[in-house]
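When I checked TrEMBL for this same protein, it listed these features:
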DISULFID  CYS83-CYS98  disulfide bond
DOMAIN    100-264  domain 'MAM'
DISULFID  CYS271-CYS283  disulfide bond
DISULFID  CYS278-CYS296  disulfide bond
DISULFID  CYS290-CYS305  disulfide bond
DOMAIN    309-463  domain 'MAM'
Amino acid sequence: LEWILADIPLKSDENFQVVIETVNGNAHIAIDDLSFTPSCKINAFDELPSYVFTTPKPDATCPSPNQIRCQTSNECIYIEDLCNFRYDCNDKSDEIFCPWACNFDANDNLCSWTNVPKDSDQLLTIKWDVGTSSQFKNTGPQFDHSTLSADGSFLYFDPIGELPGHKARLISPVYNQAGLLCSMEFWYQLSGDSTSILNVYIMSGLTETRIARLQSSKTLQWTEYKVNLPSCLQQFQVVLEGLRGSTNTSFIFVDDIRLNNCQYQRPTQPCTNEEFKCNSFHCVPRSGVCDLAADCCDKSDEQECSGYYRCNFEQDMCGFKASNLSSSHWVITRADSSNEPSAPFFDHTTQTSTGHYLAVSAPLVPRDADNAFVQIGVKKSQKGCKMRIWYLLDAGLLEVWWRKEVYGQLVSVFSTNQASSKWKRVDVDVPEMDEFELVIEGVKTRYGILAIDDVTFTKECEIDQDLVLPFGTLTTLTESD
């Protein structure tokens, strides 16, 4: 084996990015010494413009220049109200080309979803199609899921004639706006060997975020899958991607796709004293202001945050410091780089696969359980001081302690072992005192995942990143009353 030099011509009249992709089979791939010739003008800080989706042209007969007319009800609605999971036209024509559910039995049996190649320069030689059980005597469902009959239709990915690893991608229509609690559910079967894979992505602009990865099961029956989508998505599409397995029997079947609770309702009433009024006039709980989660889809609840100490772990640990209380550690982890089978597909801050969170590291020698500690100094906490943590846990324990001395007594103020497969917020009441440390402990089981993200403190908490505690005696653990 030896290093091989590759010269690749680059030519474009517009700004562009260079993307290096590897497909790893039964070999190792390595690159080194990447360089550009002087005629290449590199700008590491510039960004490409977002892809702009095609929208209908305004209707000149409507009163506003950015409105269109409904098909039969003679109303005019704003273009941004198309495909928003809410009927703004009385005849419901504003949502007709972007259905929220599909059972593949209608005349338009793909429900406006379209087959597209993975890359624009590839031919569409492999695709998803609609069929019935009569086409799959021994390799597929004996009935669809919608009607539970042999005549019912479902979506399928046919591997015959394709090579292992070949992909078929089916993409939904563009949805303009979703709300806070949007979720997706569907029923599926994967037959044949375990190497066939069904991936589900959210595509927004030039960014794709995987939200599901399913592999073949041993039983040929319809299985339900539910997944939460990132909140407040705008101009997005859902992508179903099937990967051909190693045999000609690696079929993938899908039925009854549905997007639930995705509407972002119009504001209907004034806000109370316990609520924050978004710029869009929606009302959200005041307790969620400046917690690094957009409760307002316009993100106005996260804009005026002076006095709040916040850390999203995108660049560093902020004022948090690793503790020497154990051999395991909290580690900044990029969502798409984790090898843990139950790791989240996206972080909480950016809700993308390139975002970062803090996770308990796996030791070199696996044990039944591993705990890790991270701490931060608090100069003063007043009444109402709260630490807010977003966490994800499948098996283990998340606990918060305080101490006044290095190696001194640890007093517990919060603990949970409640599993959550999606990012969940917990509020920790911080006791009123001066000059102490808060210590976050994570206990991870051998095959589990424990991650935290977006740790924030309310204004009543005064954080001191440089606080130095006096030394005490050997640490002991004490549960609070």
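In case you wondered, yes, glycine gets a Cβ from its N, Cα and C as well.
What TrEMBL says about a protein is an automatic prediction, not a curated fact.
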Can you tell me the CA-to-CA distance separating CYS290 (disulfide bond) and CYS283 (disulfide bond), as a whole number of Å?
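Approximately 15 Å lies between the Cα of CYS290 (disulfide bond) and that of CYS283 (disulfide bond).
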For CYS296 (disulfide bond) and CYS283 (disulfide bond), what Cα-Cα distance in Å is obtained after rounding to a whole number?
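Just about 8 Å between their Cα atoms.
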Closest of the disulfide-bonded residues to CYS305 (disulfide bond), Cα to Cα, picking from CYS98, CYS271, CYS278, CYS283?
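Closest by Cα: CYS278.
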Using Cβ-Cβ distances, find the residues under 8 Å from CYS83 (disulfide bond) that belong to the same chain and are at least 6 apart in sequence, listing them in sequence order.
ASP94, GLU95, PHE97, CYS98, PRO173, VAL174, TYR175, ASN176
Cα distance, CYS271 (disulfide bond) to CYS278 (disulfide bond), nearest Å?
9
Radius 10 Å, atoms counted are CB only; among the disulfide-bonded residues CYS98, CYS271, which position scores highest?
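Output for this query is CYS98.
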Among the disulfide-bonded residues CYS278, CYS283, CYS290, CYS296, CYS305, whose Cβ has the fewest other Cβ atoms within 10 Å?
CYS305
Work out the three-state DSSP category of CYS283 (disulfide bond).
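Going by the DSSP assignment, CYS283 (disulfide bond) falls within a strand, counted as strand.
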